[in-house]
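One structure, pasted below without further comment.
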Amino acid sequence: MRLHYLPSEFQEALPILEKIKQAGFEAYFVGGSVRDAILGRPIHDVDIASSSYPEETKAIFSRTIDVGIEHGTVLVLEEHGEYEITTFRTEDVYVDYRRPSQVSFVRSLEEDLKRRDFTVNAFALNEEAQIIDKFDGLRDLENKTLRAVGVATERFTEDALRIMRGFRFAATLDFTIEETTFEAMKTTAPLLEKISIERIFIECDKLLMATSWRKGIRALIDSKAYNYLPDMKEKNRELEELLEVLSEDFAFRTSEQAWAMLMICLELSAPKNFLKHWKTSNDFQKTVMKLVAIYQLRQQQSVNKQICYHYGKELLYLVEELRQAQGLEVDYDRIDRIDHSLTIHDKHEIVVKGGDVMTTFQLKPGPLLGRLLNEVENAIVEGDLANDSTAIMAFVGERLANE
Ligand code: ATP
Ligand code: MG
């Protein structure tokens with residue numbers, strides 16, 4: 001099959017293929033970009049595979065960077081952009097189930113395509129827009145089927161991350177996992193315990209952010225693979241809950257929103273530890289924990305000035321969206337109104353600083369100063385005190401007189 005036209009992302013990279021070919025080697029576009037081009041989806045990174053060995057690739061181009069030379073990847077810097085060129089390779093023996101113990105460079109495209117995870121990820125595209133499809137990936141694309149290349153159990157045993165990638169692609173592509181592939185995912189799922197959490201998190205996150213995230217979660221539940229993910233052991237019913245409570249058409253707007261909802265459904269005994277076990281960044285943990293806190297607050301009360309000031313409109317909105325998706329009462333207008341009425345949104349906006357209070361009233365740093373500044377902040381948020389230095393100093397003076 002031939003693509004009707006080469007999307008611009010590939011057109012721009014054509015001179016690279018030409019140069020490699022002129023040097024006497026083969027070169028193709030490979031990976032997810034080819035799949036996405038056939039599907040008419042937006043293309044991210046254009047990956048190139050070549051029969052040239054890394055040293056040979058480096059000799060062809062004037063500006064290159066060794067980004068992963070042991071895996072055969074060289075980054076080529078050209079006027080319009082940077083391209084990763086990876087030597088055709090096979091991955092030999094996997095002793096630890098996560099990385100090949102040996103990568104062998106080969107001169108055959110077919111050998112390279114064989115080591116790829118799913119048939120729809122194993123296309124190559126040449127400069128004439130011809131698609132090379134060795135594993136009937138086009139038929140699978142047509143049928144919206146996700147099928148492992150070759151013997152599924154072997155492929156997942158070589159690299160168990162592929163199981164998570166499978167759930168992720170089911171969600172992002174809205175594909176059904178082919179039966180034998182799915183059976184293999186079930187039997188090899190215990191190997192997920194050997195995979196780095198950071199990499200599993202990336203796949204789960206992409207899964208949750210997909211429009212068809214339900215498909216990915218469904219496959220995760222049915223395969224029982226959740227038993228091998230951090231803090232999800234035996235959380236079958238809780239994961240079902242995630243599917244049940246949110247309306248059919250709901251899609252998460254941010255990762256933090258998705259993970260907060262997941263955590264809420266999991267009914268964790270130690271919520272703080274959950275994201276630590278998933279090894280997410282501190283910033284991510286902070287935001288997700290705030291969303292969970294707001295969610296719980298909202299089950300008991302409506303938004304007030306302090307809540308709005310403390311958490312900010314954006315996070316409150318994310319929680320309201322989760323409520324709306326469950327048919328619960330929502331407070332968007334109230335949040336807008338309160339947010340609009342706040343004279344400060346951050347304590348740095350207070351015109352009087354701690355230092356000013358210290359000099360004016362000859363105070364030393366300590367609990368008293370801390371308490372006074374807190375009272376000032378609260379009074380401004382409540383609208384009982386203007387954010388104006390005369391008013392604030394008078395307020396502090398009065399408090400001190402009452403001490
Ligand atoms: P995305 O659209 O998210 O970038 P992708 O299919 O391009 O998806 P990448 O992780 O960018 O995925 O990998 C590029 C290609 O490399 C894949 O399409 C697949 O052919 C191959 N690949 C990546 N990871 C694996 C893996 N763990 N096992 C086998 N093949 C893989
Ligand atoms: Mg990619």
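The backbone N, Cα and C atoms fix where each Cβ goes, glycine too.
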Per TrEMBL, which one of R2, R116, R214 shares the CTP site with G32, R35, D159, R162, R165, R168?
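The record-listed residue among the candidates is R116.
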If you check the binding-site residues G32, R116, D159, R162, R168 one by one, which have a CB less than 6 Å away from any atom of ligand 1?
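Result: G32, R116, D159, R162.
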Does any of G32, R35, D45, R116, R162, R168 have a Cβ within less than 6 Å of an atom of ligand 2? These are the binding-site residues; tell me which, or none.
G32, D45
Kindly assign R165 (ATP binding site) to one of the three DSSP-derived states: helix, strand or coil.
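In the DSSP reduction, R165 (ATP binding site) maps to helix.
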How many Å separate the Cα atoms of D159 (ATP binding site) and D45 (Mg(2+) binding site)?
23
Do you see any of the binding-site residues G32, R35, R116, R162, R165, R168 whose C-alpha is within 10 Å of D45 (Mg(2+) binding site), and which ones?
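Matched binding-site residues: G32, sequence order.
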According to DSSP, how is the domain 'tRNA nucleotidyltransferase/poly(A) polymerase RNA and SrmB- binding' (174-233) divided among helix, strand and coil residues?
44 helix, 2 strand, 14 coil
